[in-house]
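If you check TrEMBL, you get these features:
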- Asn115, Lys116, Ile117, Asp118, Gly166, Pro167, Ser168, Gly169, Val170, Gly171, Lys172, Ser173, Ser174: GTP binding site (BINDING)
- Cys247, Cys252, His254, Cys260: Zn(2+) binding site (BINDING)
- 66-223: domain 'CP-type G' (DOMAIN)
- 75-221: domain 'EngC GTPase' (DOMAIN)
Amino acid sequence: MSIGQGRIIKTYNGYYYVDSGIDELVTCKVKGKLKQIRFSLCTGDIVEFETNHNGESMITRILPRRNFMLRPTIANVDLIIVAFACINPDFSYLLADKLLVLAEQAGIPAVICLNKIDLAPAGLVAEIEAVYKRAGYEVYAISAQQGINVGKLKDRLYGKITVFAGPSGVGKSSTLNAIEPGMQLVTGSVSEKIGRGKHTTRFAHLLPFAGGYLADTPGFGNLNLEELDDKKLAACFREFAGFEDGCKFTPCTHTHEPICGVKDALAAGEIAQSRYESYLTILEEIKSKKEKDGRK
């Protein structure tokens with residue numbers, strides 16, 4: 001009997017594929033007494049396992065997580081790349097902001113990746129960059145097809161466990177292929193009829209890269225955040241914090257209150273209109289869900 005430790009890089013049909021840093025991946029199942037944890041195991045978990053004389057490996061323990069995201073379901077992440085195209089499909093401020101809220105809620109650093117800049121109308125890239133740089137986020141404007149600025153993004157990922165998250169059709173798989181051609185991920189074309197790409201990634205999995213891992217995750221076009229506490233939502237819009245001292249009430253919802261530093265900053269152009277509108281939309285989604293469920 002030998003004992004090992006490693007990271008789950010893929011799960012499938014009750015099997016867990018563990019990178020122990022030695023030779024090939026170890027294919028594991030869950031030990032009988034730990035069956036109750038089976039459904040909580042996910043990609044990114046660090047586990048201990050035992051291998052018997054027949055070469056069968058069983059997971060015996062999950063090590064504590066540094067962080068966790070439910071959608072996409074993954075643990076122990078260093079960086080989230082919020083990946084979007086400038087065009088085809090069109091950039092969605094609301095969906096980008098929802099993904100950033102998820103990152104802020106999980107306490108994971110996030111950066112924006114804008115793909116297909118070679119196809120973007122004049123001024124569009126600068127417009128999107130301005131919104132998110134003002135909010136305090138790094139923005140990487142690239143063309144995976146042309147190789148523009150891919151090297152800069154690759155340097156940012158070095159040695160980290162990185163999640164690529166975004167809707168289908170924006171070129172996540174193409175971007176990963178541009179960063180590391182040996183990955184040879186499947187890429188899909190965007191349907192002109194619906195403006196969304198066919199899902200070419202079905203399961204979250206980690207790809208070893210430059211001392212770390214890259215994660216390609218299932219695309220998603222409609223992200224719901226109703227489970228988030230509405231009173232904590234403002235904290236997920238990081239640029240609000242610098243203006244909340246101007247709010248008369250604590251807590252302040254930054255909606256109907258007569259004296260509000262955030263609304264004053266919005267009027268002065270110090271907070272982007274699109275970001276504030278996303279905040280209001282997400283806040284309403286959360287409140288509507290709570291009312292429907294009878295929660296306070």
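Including glycine, each Cβ sits where the backbone N, Cα and C put it.
For the recorded Zn(2+) site, residues Cys247, Cys252, His254, Cys260 set the reference point as the centre of their Cβ atoms, and the other residues of that chain within 8 Å of it by Cβ are Glu244, Gly246, Lys248, Phe249, Thr253, Thr255, Glu257, Ile259, Gly261, Val262, Lys263. A 10 Å cutoff on Cβ-Cβ distances gives Asn115 (GTP binding site) a total of 30 other Cβ atoms nearby, all chains included. Under the three-state DSSP scheme, Asn115 (GTP binding site) falls in the strand class. Whole-number maximum of the Cα to Cα distances across the GTP-binding residues Asn115, Lys116, Ile117, Asp118, Gly166, Pro167, Ser168, Gly169, Val170, Gly171, Lys172, Ser173, Ser174: 19 angstrom. For Lys172 (GTP binding site), the nearest neighbour among the listed binding-site residues (Cys247, Cys252, His254, Cys260), judged by C-alpha distance, is His254.
Among the binding-site residues listed (Ile117, Gly166, Val170), Gly166 has its Cα nearest to the Cα of Cys252 (Zn(2+) binding site). Each of the binding-site residues Val170, Cys252, Cys260 was scored by the number of other CB atoms within 10 Å of its CB, and the largest score is that of Val170.
Here Cys260 (Zn(2+) binding site) is compared against the binding-site residues Asn115, Ile117, Gly166, Ser168, Ser174, and the shortest C-alpha distance is to Gly166.
Between Cys247 (Zn(2+) binding site) and Gly166 (GTP binding site), the C-alpha separation comes to 34 Å. For Gly166 (GTP binding site), the number of other Cβ atoms no farther than 10 Å from its own Cβ, over all displayed protein chains, is 26.
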